[in-house]
Ligand code: FSX
Ligand code: SF4
Ligand code: F3S
């Protein structure tokens, strides 16, 4: 993206650099690397992208393109050559099909295939068809000429809600069907738009795929449990739990573990990166994490079910609270508030930069 293009599209140079700085921090790179990342985003030769939709709610595209600020969408749309995207393209029917086939042919072996949504495999795949082709056939055909595949959202990565028991359509993730291509999973329902952006920028900056964990997720974004950085963590450590929605314990910001929070087993960066450009995430607004980045938790374990914690991890961002401090000392509410304030002050990027996942430490300890 050139400076002119960015300004034309309503994104100032400052916002563009700010977005690159945030993406650089998520990748766990030093601050100074943002200039290299910005350079990569502005290169003239945009990689072609074919984006397929299958069984899903389109929330992944929505969260990516309708973020509060236009920065992320603009950077993505200006950095990539989005040749085919069913919900964004103007053309339809035979015209759209032609552009898909033309792009696959012209860019054979070079394009990035982005898949959104699960793929139904039962009854010869008849439960999802586009242009007369089943999702399985469309995926297999598009995957043949792809340099790499990004499965965006938990549906495309692992099957998502469609694959929850009894999985009537035999819904699966991309990795269950395509075995001979590099696949990067960006789970979340929907995923953080920054995790997709950072993955694309990593690829463009270093010309290689980021290091992945055993579930195919970039370690830089999914290398740690949200429980380690949660602002309610001091309450968890002090044994102060919300016991019902809307009661005093909930209103005072106590830990949501007893309401079913899956944070202690969920690998993601939402407690650090947060959403909607206003610093919120599910737990900060009072809802337990439902483990939306985890194939064995999302829609597999009841939302209200209490998680068994097998391998506890120590807190990382917020200081533990003193178990004995019940009386006139620091109140439970205050520890939560201090935690939130600390999180906002430190900033997501700074924390992630300091807390790079190290080597093998990820899913050996997966619970
Ligand atoms: Fe799935 Fe994407 Fe959940 Fe929806 O399209 S990951 S249902 S929020 O958004 O695929
Ligand atoms: Fe936060 Fe949930 Fe962990 Fe409690 S259980 S500290 S609410 S992530
Ligand atoms: Fe998903 Fe849990 Fe984050 S539900 S958005 S992984 S807090």
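A Cβ is built for glycine as well, from the same backbone N, Cα and C atoms used for every other residue.
Between the candidates 20, 189, TrEMBL assigns the [4Fe-4S] cluster 1 site shared with 57, 60, 155 to 189. Of the residues 261, 292, TrEMBL puts just one in the [4Fe-4S] cluster 2 site with 227, 230, 255: 261. In the three-state DSSP assignment, the secondary structure recorded for residue 270 ([3Fe-4S] cluster binding site) is helix. Under 6 Å, Cβ to nearest atom of ligand 3: this is the test, and of the binding-site residues 57, 155, 227, 230, 255, 261 it is passed by none. Cβ neighbour density within 10 Å is lowest for 292 among the binding-site residues 60, 155, 292. If you compare Cα positions, residue 289 ([3Fe-4S] cluster binding site) sits closest to 261 out of the binding-site residues 57, 60, 189, 230, 261.
Checking the binding-site residues 57, 60, 155, 189, 230, 289 for a CB within less than 6 Å of any atom of ligand 1 leaves 57, 60, 155, 189, listed in sequence order. Listed binding-site residues: 57, 60, 261, 270, 292. Those with a CB atom under 6 Å from ligand 2: 261. Secondary structure at residue 189 ([4Fe-4S] cluster 1 binding site), as computed by DSSP, is coil.
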